[in-house]
Amino acid sequence: MDNPFNDVNLGEKFKWIKKAEKEKKMGISASEAAHRDAVRRQEAQEELERLNKRRAEREAEQRLREEEEVRMQRLTESAQMEEWIAKEGDFQLEQERKRAGIRLKEKRAKAIDFLALNLRYGGGDQGEDDEFDLDEAGVEIDFDEPYKIFENLTFEQTEELHDDILKYLSLEKNDLNIEYWTNLVVICKDQLGRMQRGRDPNRAVGKIVESDIAALLSGKSYEQLTQLQRQIQSKLSSGEPIDTDYWEGLLESLLVWKAKAKLRDIHAVVVKNRLEELRKRQRDEAVRAQKELLADVKTEKEGRGDMRAEVADARHTAREVEAVEEEEEKREPYERAMSPSLIDPNRLKYEDRQIPIMSEEEDKQRLFAKRHAVTQSQFIAKAPRPVAPAPARAQASTADIESEALYREAASKELDEEEEEFNWEEIIALPSTYSWEDKYRPRKPRFFNRVHTGYEWNKYNQTHYDVDNPPPKVVQGYKFNIFYPDLIEKSKAPTYKIVKDPKDEETVLLVFQAGPPYEDIAFRIVNREWEYSHKRGFRSSFDRGCLSLWFSFRRNFYRK
């Protein structure tokens, strides 16, 4: 036992002698004092046990509360995660629809775009925005049965369409749309199987059987096909001596024809909704045209006073015309020599020879067709008033001026004795559209940009924030990637410039210029000083049709 103070009585029981003497004077015996001390020790022990029990209960309650908080937090995070996943699916579906609408408007649509367009009028959930607003863009689409699109596709195109249909099916949540895409998957798989079997030269007998099955099932409604399916299933399960391969093949084909029948029903709804929308649009246009006509009538009534003066002038002009006609009748009769001589068409200019020639009978037929179209329409829209164009000076381009100068130089040369002019161009069939006309149309370039954000741990933020409660993020840099794949002048790289905005000193405009066929494009960025060091990530390059501009903002450090 440790005894650092060398106490000789360390192992003996301590006795409080003065307390015992005081209690003796007070008349308390030693047995009574011992009993009292034992009771006190017992009460202290019981109180200690009660305190330990309460502490254990508090710790258990605290542990239960923490477990409940963790469980509720997990439930909240799970619900939030499910909501994020659902929103991500909706966002991807909306982007697919928008891409389909853009391809349709730009006349470079894929097969899946026409199938998605059917759902626009099918009554399903297509969102608040209209991604397929094709009527305003001047695009006319004929709505056929969706399954007919497989008739003109190759094997590779059908495989690609199958993958696109599965993508839409995985993103859809509306019951009608899911049923639509599911039926298309059934038909697409059947078409792929037919194409694979068609490559086998020994499938002549199978083609005959397939044609017989198609003749049997075509033209039947969905209810009739369902009833026929039950009959075939009962026949297969009856155990009778039948051609099992034939009836199983018929059952597989029947499932495909059921999908086609279901798609026909959906297509009927599509056509009905499409016609209703067109009628509504015509009614709105008729009401708008009627309002414009009423406004014009009101304006004409206000100007009748001026019209009376115009009528009087017209009558006076008519009298003068009659007098002139009487004088012309007194003139000498018409002679053939007064008319100009016939011109050889081969000696006309190329532009004059391109003017179409129309006979009197063709002109009458064309006029009759226009009148018939007017009489068949439900309303006659008011034609817009022709606006007199402001006189502008014709400005010839540099290419036209150079071409005209070269032409005059060649035409001014004298002909040799054995030479004569040969300017007779033959008319050949020209295509109505060219493969390069879309490549050189004016358009905005495509881009893929990024903004870099982060925390600035300056003295103020270090004082008022920490890692658990970080300060607000600030913009620290940008990465611009502008794509110019079809530049006409490829030797001249695109440029950029910074344009200050007098109304907003905190931001500036970053303008990119490249030349035809691309238009200028601008982005609003934070107005801060750039870091031009390559070690800090600065990059300005133009490679393989992509202009890359990456930069970070300069960070300022202050010393005391």
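Glycine residues also receive a Cβ, built from the backbone N, Cα and C atoms like all the rest.
These come from TrEMBL:
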COMPBIAS  33-63  compositional bias 'Basic and acidic residues'
COMPBIAS  300-322  compositional bias 'Basic and acidic residues'
DOMAIN    74-267  domain 'Splicing factor cactin central'
DOMAIN    436-560  domain 'Splicing factor Cactin C-terminal'
REGION    26-63  region 'Disordered'
REGION    300-336  region 'Disordered'
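Tertiary proximity for the region 'Disordered' (26-63) is limited to same-chain residues at least six positions away from its ends with a CB under 8 Å from its CB atoms, namely 20. DSSP labels the residues of the region 'Disordered' (26-63) in these numbers: 34 helix, 0 strand, 4 coil. Helix, strand and coil counts under DSSP for the domain 'Splicing factor Cactin C-terminal' (436-560) come to 9 helix, 53 strand, 63 coil.
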